[in-house]
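Notes follow once the structure below has been shown.
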Amino acid sequence: MDKTFRESRFYQTIVHSKLFRILVLVEKQISNNIENGAIATRPCKTNGLWCCLLLPTVLIVYSMLYTVSELYMLLAYISVGLLSYSFLFIAFMSVSCLVLKENFYGGCEASSLVATLLLYALQGHGIIFSLTYSVVAVFSFCTLLRLALTKCPHTFTVGEAMLVAQSVILFFVMAVTMTLFDMGDEEDDEMHFINSVLFTILSSVGIIVTALSLLRESVKTLAVLGYIMSVVGTYALMVLHVQIGSDCILRIVSYIVLDVEKLKLILFWIVLVGIAVCVVLIRTKLKVKASTVTRKTFHVLASAVFLTGILYDVNLMTLAAGVGLGAMILVEALRKSGIEKISPALQAAFEVYSDEKDSGCFAMTPIYLYVGLACPLLLVPVHPGYELELLSGVLSIGVGDTAASWFGSKYGFNKWADGHKTVEGTVFNILSQVAVVYVLQLFRILNVPWALIRVTVAAAISGLVEAKTDQVDNLILPLVSLIAFQFTKILHI
């Protein structure tokens, strides 16, 4: 099948086109420059330069297809500036690695100007506001990208570093804007409550991570950690008091307990989390290295959480996703902090469940999994039938990628060229995604027009990308699926 495709006229036309040859030459030149410059990217055959297109494409296309909030438009326009610098960064890297080793900000001014013009001319913001936001975002992106590739050896490919840096910068832009400015967007009481809680949790985690990174080796003890937690807990209560009111704790408990459906959902999630924790503890104690199929069981458990949350209570799922993200960042910070007793235990679990893609400074694979499942909650604007697109992460990595891994390892014989993944695994990837959507529609849990046709197109595209790419699946497949769903919408499917 793969050989037939490679011999087809369409494939040969692409391979022999001038644009393709130029892209291949740029890829090879960047790889050579990285090797000559002693830049330790994640071991990989390619640099994944195309990844820089994914997030801006999702934001821009959604802002064109639907009526979105002013904040969403702001993020879309800034993402254009970040994409502009990504292109310039690729051009610089094809010449030399000096862009990484020196305080070189060439191209930042031009990229900032692109975003500034969009914010000023199309969204109507003042020139000072537009210029400030654009300059800070692009220069921060440039700095973060350089740090990711030079200070985090073997952690990112160039494309993954660009995508991660884009995501972090846009997330901070969103958080700062929601905190400091009134963009005129309508926000109901429940979402105001959820955003207040999430801001408190994530800012508290940020303070803890910062404090841990500043600790000297001599004071990395449980007592000092307890002191940090108590101080941050006091900060969190003060922020909640200001944001929600003096009855903040009561309101949080009431939000969870007084609604029976919410309580059932949370209890179900707690059971799933408990199962995952028990599995980790048992396997860590046995010191048995987890296989790829074993690791995929956590995909299933995490996907079950997001599937039920998205289908039955999106707002609660948004709150839980933010809390879970904070917890994952905190756990990884504790693993790297060197705190007595805690860090060694977390490191032991990491060594059991890590794979070849976790060869760098941080345990990025589980974080990518979580972010991949949760990102549609932020990226997909509310519109008729948006529930299917919210499931893009669940379908692509929770269902499809897991199914491909299991079926391919058991029954796959025909491997794709230049890779270890099988054609049978890819076919099962696609069929499993379609089957899940069919079952959801059969039981009237999901009611979206043309859902089966749309998911077939999206599953085929994400399945082929999963089979052929060497970038981290958990990071890119949800975005690829979202773009595929957007494509089906453009075609009025």
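From the backbone N, Cα and C atoms, a Cβ is placed for every residue, glycine too.
Keep in mind that TrEMBL annotations are predicted by a computer and have not been checked by a curator.
Range 104-122 is the one annotated as transmembrane segment, of 104-122, 313-331, 370-388, 446-464 (source: TrEMBL). Using the rule of three or more Cβ pairs under 8 Å, pairs at least 6 apart in sequence, the transmembrane segment (161-181) is in contact with the transmembrane segment (71-92). Tertiary neighbourhood of the transmembrane segment (104-122): same-chain residues 73-74, 77-78, 80-82, 84-85, 88-89, 92, 98, 129-131, 133-135, 137-139, 142, selected by CB-CB distance under 8 Å and a gap of 6+ residues from either end. With a threshold of 8 Å between CB atoms, the same-chain residues lying at least 6 positions outside the transmembrane segment (128-149) that come near it are 39, 41, 74, 78, 81-82, 85, 89, 99-100, 105, 107-108, 111-117, 119-120, 155-156, 158, 161-162, 164-166, 168-170, 172-173. Here the transmembrane segment (48-65) has long-range neighbours at 26-27, 30, 72-73, 75-76, 79-80, 82-83, 86-87, 90, 157-160, 162-163, 166-167, 170, 379-381, 383, 469-471, 475-476, 479-480, 482-483, 486, 489-490, meaning same-chain residues at least 6 beyond its ends whose C-beta is under 8 angstroms from one of its own.
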